[in-house]
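> In case it helps, TrEMBL gives these features for our protein:
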REGION    1-67  region 'Disordered'
COMPBIAS  14-27  compositional bias 'Basic and acidic residues'
TRANSMEM  134-164  transmembrane segment
TRANSMEM  176-198  transmembrane segment
TRANSMEM  291-315  transmembrane segment
TRANSMEM  378-401  transmembrane segment
TRANSMEM  421-442  transmembrane segment
TRANSMEM  541-559  transmembrane segment
TRANSMEM  565-589  transmembrane segment
TRANSMEM  620-645  transmembrane segment
TRANSMEM  651-668  transmembrane segment
DOMAIN    707-766  domain 'CBS'
DOMAIN    823-884  domain 'CBS'
Amino acid sequence: MAVGRPGLFTLTPDEERIGDNPRHENDQPSTSSGETYGEQAPLHQYKERRDTSAPVEESSTDFEGRRMGGFRNTVRQLFLRGNTVEGAGKNHKYSTAEKARLKQMQSIDYLAPSSRVYRQWLSAQPWQRYWDRWIMMAAIGIAVGITGFLLHLLIHILAVIKIASTRWLLTHTHVILSWIFNLSYSLGLVYCSTWLVVNIAPEAAGAGVAEVSAYLNGCNIPKILNIKTLGVKFLSAATAVASGLPVGPEGPMVHMGAIIASGMSQGHSTTLGCDSGLFRRFQNPKDKRDFVTVGAAVGIAAAFSAPIGGMLYVFEEVASFWQQALSWQIFFANMIAVLTVDTLRSAESALQEGTFGLFDRESSTVFFEVYTQLNNHVMAMVPAALCGLLCGLLAVAFTIMNLKVIRFRGSVINPDRRLRMAEPCILIMLFVTMGMILPLFFPCTPTQCVVLQGETTPICPDGQPEYVHRVVEETLELFTCSRTSHTSQVHGGGGPGDADGPGGKGNITIPSSYNELATLMSVTGEDAIRHLFSRGTHREFGYAALVVMLVWYFLGAAWTAGSAIASGVFVPMLLIGACVGRLIGLIMVDMAARNGAGSEGAPPGVFLPPHPMSFIDPGAFALIGAGAFMGGVTRMTIALAVILMEVSNDVRILLPLMVAIMVAKWVADLGSHPLYHGLLEVKCIPFLPKAPVSSASLDLIEVRYVMHWPVTSLREHMRLGDVREVLRRTKYQGFPVVRDTNRGPVFVGLLVRDHLLKLLLEAVRRGTCQHLEVSFSDLNHQFMESVESERESEQQMALLDGRPLPGDNFRDDPSLWDETLDLTPYINMSAFKVTETFSLERSYILFCNMGLRHLVVVDEHNCVKGIVTRKDLLGYRLDEAVARARTGSLAGGGHVPGSNGTAYAPA
């Protein structure tokens, strides 16, 4: 091992390189042009990288495509197989350009470095005090609950203005005038939504679920937990959803919940430059990440009124670290959030009609409540499995199309700010225009009889013929049918109590005809789902309306997701799956009608409760299809089943729903990765799944086949000039620290680059290294005001570049660089290490479960041999490690002991 100046080992262990890659035999040397040092510079670059760089797909036509270039080639790549069509059992293959972007991403530790200064800080914090944590959980639940209520209220107000005005213009004027108003109003909302995202907070684009998952996994993504991102997320999501685009607010609620929990628990805002001085003991990486996990769960709970589902959602989909105590805390916070939302809904209803505190109907805790319970039957498993199969295939198509569009958007649209703003505006123009044109091709459909949700017996107007073919809901869209249709009144005696008493409906006015497609397309996505979930309305929507709605919403949602607006895909996924399920249910009704089956007095093919075959209801299969499609896209199972039970209040349908979800997951696993994991791969964020994927057992592979070597080590006491030289010559983010013994230099701990830069700057500020003391709080950039953080980053860069330090008059004393810097108070003495023969699979489990940033590899004498980081454990690197193990070659070009008779030496 080559030795440089005293105290410094040249090219020994270290890691988290920003611009360096573990050196493999076939790797090209990395260029140093444009590379930056330190923590801040790469973070500031990430936003620009995400907006302007284009991930390139690896395929057999990559070289030809790059040679052709231009827009034509970019469009052509949309139809290539590429590396988007990959089953869940295969690791993603990154192109050269994508690997370069991966190197720029940094990670964060789950646990704070256990150094002497950290232990001093920890000893000053209250121990075994829990009441403040529970108060914080309640405060987060209340804050996120209020945010969710205000978001839905704003969406409702904006959407009602649009829908009510369009209906009035359709009834009293001409369809052209209603189209002009609808287009202008919707376009204005979308323009506001995209302008906020593009010009104020680009980090607010999309749902934010993937980014929050990556942060909780240990990836350092800048500004995703910024208060400015929260404000833009709220306004952009409200205007985008109310405009009528095929998007939903539930995904953004996960992101907003995470931001609120992060800000409240830390007690300060770097953006606003304020610090409350409260909750100091929560200002550490572990507690911050735990509170972000709580916020994400509360976001789902408030969005869907699903407290149990919200907890299971973060457990299954978002969180990477879980403790039993955290489950109780999330359960409590979710309870408070749902209670807050429902209380506010009840208060809103009480202002108009009703009783404050009553959680029923409009203020119900059940989001898509189903009032009619149907019988379950073993025969329902067959169509449920078929529904899962079809939804799984559609989920693969949806995921691949969305990822293709995101790649296209990254290379063609994102580099130009005007195009980024124009894309959502063009999409809403198409969606509004087609939403007005397509229903014109559908005739006015006779209503015949109406069924009240919760009742099984239809109500028919006087004079209705004995033969009834169609039973519909009480709320329908007339569209242009209002000009020729006549209305009739029926006595709504269903419901609890007498018709004119409490719970009764009194007289109900229904039109004699309606427009099937307009009933689905001219309302919000959530109302369309309620129509599709309705029970007893077997033929309310025909094949044509369902197919058109399915195709149009599928294409619109797949393209819109990920554009420059804050939006989620939960509602579109539920709606698409509901259309598929309703189609299957309608086919079953027609099959029964063709065989002459059905309940007496009911339309042909319709079985009314308590008939054993009453499960043949398109509304029931719409719920099954919604869960199946969402399960196929996200690969959620347990959480999804529970969420749908909570939002529908239909426990009897649980078993066929579980069958459909599992079948959809199995089918989708064959064709693509989960959507959110695919988004992280496209954005080149090094996310580590909970279980590694490999073609061979990683328990048979030793960790040295994946470790990075050689690396750079430090000593406990070093010349200040040597410290600056290390930081200047390398871009590593972690440095093992060694101590000389009679057996050679042995590993004692780890130091991260951030702390070294802070120590270097403080020494220069004070003009000496003697008695240098920097507290744990001062070592963490996240606790500084944003202006001060940027100023300090510029000073650190100037120190490394040898330029005059901006902002302050520092004394230039050449003798300072010969002083000795004591690093021992700042060394992480609890850094994890494994021997070079340690199992790769167990190393992966240790790395992920402990939320590590660096894993040092040592030999039997505790001498550093290499280091493992997040990027070394990505799927494609594991595949490379398996290949190297089969040939006996190491990452740096060495050989395994005994292989080819050459001993393994890292330097």
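In case you wondered, yes, glycine gets a Cβ from its N, Cα and C as well.
Situate these features within the shown structure.
Using a Cβ-Cβ cut-off under 8 Å and counting only residues 6 or more beyond its ends in the same chain, the transmembrane segment (134-164) has close neighbours at 182, 185-186, 189, 234, 237-239, 241-244, 249, 252-253, 256-257, 260-261, 264-265, 279, 282, 291, 294-295, 298-299, 302-303, 329-330, 332-341, 344-345, 348, 522-524.
Only residues 6 or more beyond the boundaries of the transmembrane segment (176-198), in the same chain, are considered here, and those with a CB under 8 A from a CB of the stretch are 158, 161-162, 165-166, 169-170, 204-205, 232, 235-237, 239-240, 242-245, 417, 420-421, 423-425, 427-429, 431-433, 435-436, 563-566.
Within its own chain, the transmembrane segment (291-315) has Cβ neighbours under 8 Å at 136-137, 140-141, 144-145, 147-149, 212, 215-216, 225, 249-250, 253-262, 264-265, 282, 321-322, 326-327, 329-331, 333-335, 337-338, 340-342, 364-367, 570, 636, 638-640, 642-643, 645-647, counting only residues six or more beyond its boundaries.
Using a Cβ-Cβ cut-off under 8 Å and counting only residues 6 or more beyond its ends in the same chain, the transmembrane segment (378-401) has close neighbours at 84-85, 554, 557-559, 576-577, 580-581, 584-585, 588, 613, 615, 621, 624-625, 628-629, 631-633, 655-657, 659-668, 670-675, 678.
Counting same-chain residues at least six beyond the ends of the transmembrane segment (651-668), those with a Cβ under 8 angstroms from any Cβ of the stretch are 88, 373-376, 380-381, 383-385, 387-389, 391-393, 395-396, 399, 615, 620, 623-625, 627-629, 631-633, 635-637, 640-641, 644-645.
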> Ranking 421-442, 541-559, 620-645 by Cβ pairs under 8 Å to the transmembrane segment (565-589), which is first?
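Between the stretches 421-442, 541-559, 620-645, 620-645 has the largest tally.
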> Please list the DSSP helix, strand and coil residue counts for the domain 'CBS' (707-766).
24 helix, 24 strand, 12 coil
> Near the transmembrane segment (421-442), which same-chain residues lie under 8 Å Cβ to Cβ, leaving out any that are not at least 6 residues past its ends?
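Residues packing against the transmembrane segment (421-442) from afar: 175, 178-179, 182-183, 186-187, 189-191, 193-195, 198, 240, 243-246, 409, 413, 479-480, 515-518, 521-522, 544-545, 548, 552, 556, 559-560, 563-565.
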> What are the DSSP helix, strand and coil residue counts for the domain 'CBS' (823-884)?
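Going through the domain 'CBS' (823-884) residue by residue, I get 27 helix, 16 strand, 19 coil.
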